[in-house]
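Participant: Let me give you the structure first, and then I'll get to my questions.
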Amino acid sequence: MDPSQPQVKRPASSDEQPSAKKTDTATSKGIAHLKPEFILFNDQNGSSRPMAGEYNDEEESTSSRLESQPANQIKGKKQNSKKKRGQNKNRDNRQVREQHALCSKFVTNVDATCSFDTKCRYVHDVREYLSKKAPEIKTEFFPICPVWQSLGHCPMGYKCCFLSSHCNMETLELKDLYEVDERKKLYEANHEINHIDGERKYDLIKRRFSFTKSDYILEIIDAMQQENRDLMNTSKGSETTTDANAGEDANDEKVSFQATEKQNQLTEKRERQRELYLKYHDTRFFAQEKRKLDLHHKKIVSPLTTVGNLPYRRLMRKLGADVTYSEMALAVPLIQGTNSEWALPKAHCSEFPGFGVQIACSKTWQAAKAAEALAANVTGVSEINLNSGCPIDLLYRQGSGSALLDNPARMIRCLNGMNYVSNDIPVTVKIRTGTREGHPIALSITKRLVLETDVAAITLHGRTRQQRYTKSADWDYVGEVANAVRTYEAERQENKNLRDGQKIQFVGNGDCNNWEDWYKHLENKNMDSVMVARGALIKPWIFEEVDAQQYMDKSSKERLEILKDYCKFAMDHWGTDQYGISQCRRFFCEFMSFFHRYVPMGICERYPVLLNERPPNWKGRDDLETLLGSTDSNDWLKLSEMFFGKVNDEFVFTPKHKSNSFATN
């Protein structure tokens, strides 16, 4: 037993009294303290079974779009000895579509016609399609189509996996549950927003979209940069210019027409830059009137790639969250009109107001154009957030995410460009304490953010990029930065050119997984709120505890109801056809990769369980609780069958962590 750890006293009968080795397991550093009757032991000397594997929380910020980068090469012996550890870097969870797919024209109309006629590669005969369609889904939780039940009609029509609940199978007549007016009311209360118009997206794809504001602000920023370069190199520039002019005089007749034209263009450009510099150098040229952003004591869910999808955010709204964010969208694919990227700003109507879109970029032009495209094409956005904290290697090497911490001048240019083009949508930023362990730089960066930008909010994650999740977040430093921000704001107020700025919201982030942490961090009056990430994945009811200011020992049935809500929201979003159900099941398993980590309060000797504490293998108070806590991805699939029916042969799911991949014999 570690002598630095206090021994936990607990009542136990003589026959239940654990041996010394059991006590070691329960009180070891980094291990959750469980009641001995819930710890699973597999030998006579009292040692517990080893844990299934360590959690790697890089999943919080990694998605299939970003994880296909080559893994580090590991030498043979080491690789073989750790074959069940680490991440499945090249996993591909894309789902297979139907082989005999129904033509979209016939999805809700058996008598429709298709302009491609016999040349169409899809099925036109509805009865033929139904004869080859996979068996219908019928579960205890969803005996009828949940979408049809909530909206009054099912957009999936004959493709729906619950078809018999809203179709006369003899006449193939589709049934509506409510009249048109009633269905409109239901739609108003349950629909998705931020759909980009098809023509506008096509303009982006064909590069016909006019980035008028971006072009202008980028020209101003370039002029400022050029002037600064000239000022720094005045003497050197003068000598160079003199030498160049001498050369030109000596070789006047040899200068080509093309070179002259190029020189004229450069001269015109430099004159234009000089004009812009003189016009704007003493102004906050990027300032725009914005909607007020209020994050004070709001319950905020962090942007979460892959798992932070629309159904999850909708679930968190139902469970008490005030502010949610999209998954991180990459700026360049947004500018190019990529479908997968434009799916990310979509939100449920319950999320707005209080919904932010997060983008990642490496260049100023990317930030400005992505922000302008968003502001012009989506209306349900409360803020646009610049991700300057993502630790993923692929993005870091490209200059995105936390790489901007190493280049604060570029970060500031990105934010100012975004602020100018985003109309009345506030711009915010999320940063880390730094990139290298032991070298925090957030204090110096936040000073520049306060004085040189108009950001409406700053979120600080209390770790460096290098630390990732190996150490606890440094909340002392986060509090120090929060205090400094108010000092910098006071300094800004003294400057007549800067004092028009609104109060900057400051949000702390990192390791908050219970209501006591929440209120402890907010004892610092300079902290506006706390952003919750993994804590809200493992325990989605965390904001209910914040409101009640007490811990809630959710039963297995209550937790299963939470999963039911998630599945219902997933089918509303991805659909109830075969492909949609596969997508729902896949993201259900992604959600379970965090949700299973909850250790029930009733089996713990010490509570709360910290995020970096891992339990020994345990059994729950009932079989369902044990199943919900399983680390085996096969058990997650069993849980999914309660909601989505039997897993078909075409379904594909590879867990993020290899330690979750084992099969139970």
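Yeah, the Cβs are placed from backbone N, Cα and C, and that goes for glycine too.
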Participant: Determine which of Lys279, Lys430, Lys564 appears in Swiss-Prot for the same FMN site as Pro303, Leu304, Thr305, Gln358, His461, Asn509, Gly510, Asp511, Ala533, Arg534.
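Facilitator: FMN site check in Swiss-Prot: besides Pro303, Leu304, Thr305, Gln358, His461, Asn509, Gly510, Asp511, Ala533, Arg534, the record includes Lys430 out of Lys279, Lys430, Lys564.
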Participant: Check each of the ranges 97-127, 376-406, 469-499, 624-654 against Swiss-Prot and return the one annotated as zinc finger.
Facilitator: 97-127
Participant: Rounded to a whole angstrom, what is the C-alpha distance between Arg534 (FMN binding site) and Cys390 (active site, proton donor)?
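Facilitator: Counting only the Cα atoms, the answer is 15 Å.
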Participant: Could you tell me the C-alpha distance between Asp511 (FMN binding site) and Cys390 (active site, proton donor) in angstrom, no decimals?
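Facilitator: It is 16 Å, counting Cα to Cα.
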Participant: Quick check on the zinc finger (97-127): DSSP residue counts for helix, strand, coil, in that order please.
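Facilitator: The zinc finger (97-127) comes out at 8 helix, 2 strand, 21 coil.
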Participant: Taking only same-chain residues 6+ apart in sequence, whose CB is under 8 Å from that of Lys430 (FMN binding site), what do you get?
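Facilitator: Pro303, Gln358, Asn385, Leu386, Asn387, Ser388, Gly389, Ile458, Thr459, Leu460, His461, Asn509 - these are the non-local Cβ neighbours of Lys430 (FMN binding site), listed in sequence order.
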Participant: Just how spread out is the FMN site if you go by the largest Cα to Cα distance in Å among Pro303, Leu304, Thr305, Gln358, Lys430, His461, Asn509, Gly510, Asp511, Ala533, Arg534?
Facilitator: 21
Participant: Whole-number Å distance between the CA of Cys390 (active site, proton donor) and the CA of Thr305 (FMN binding site)?
Facilitator: 10
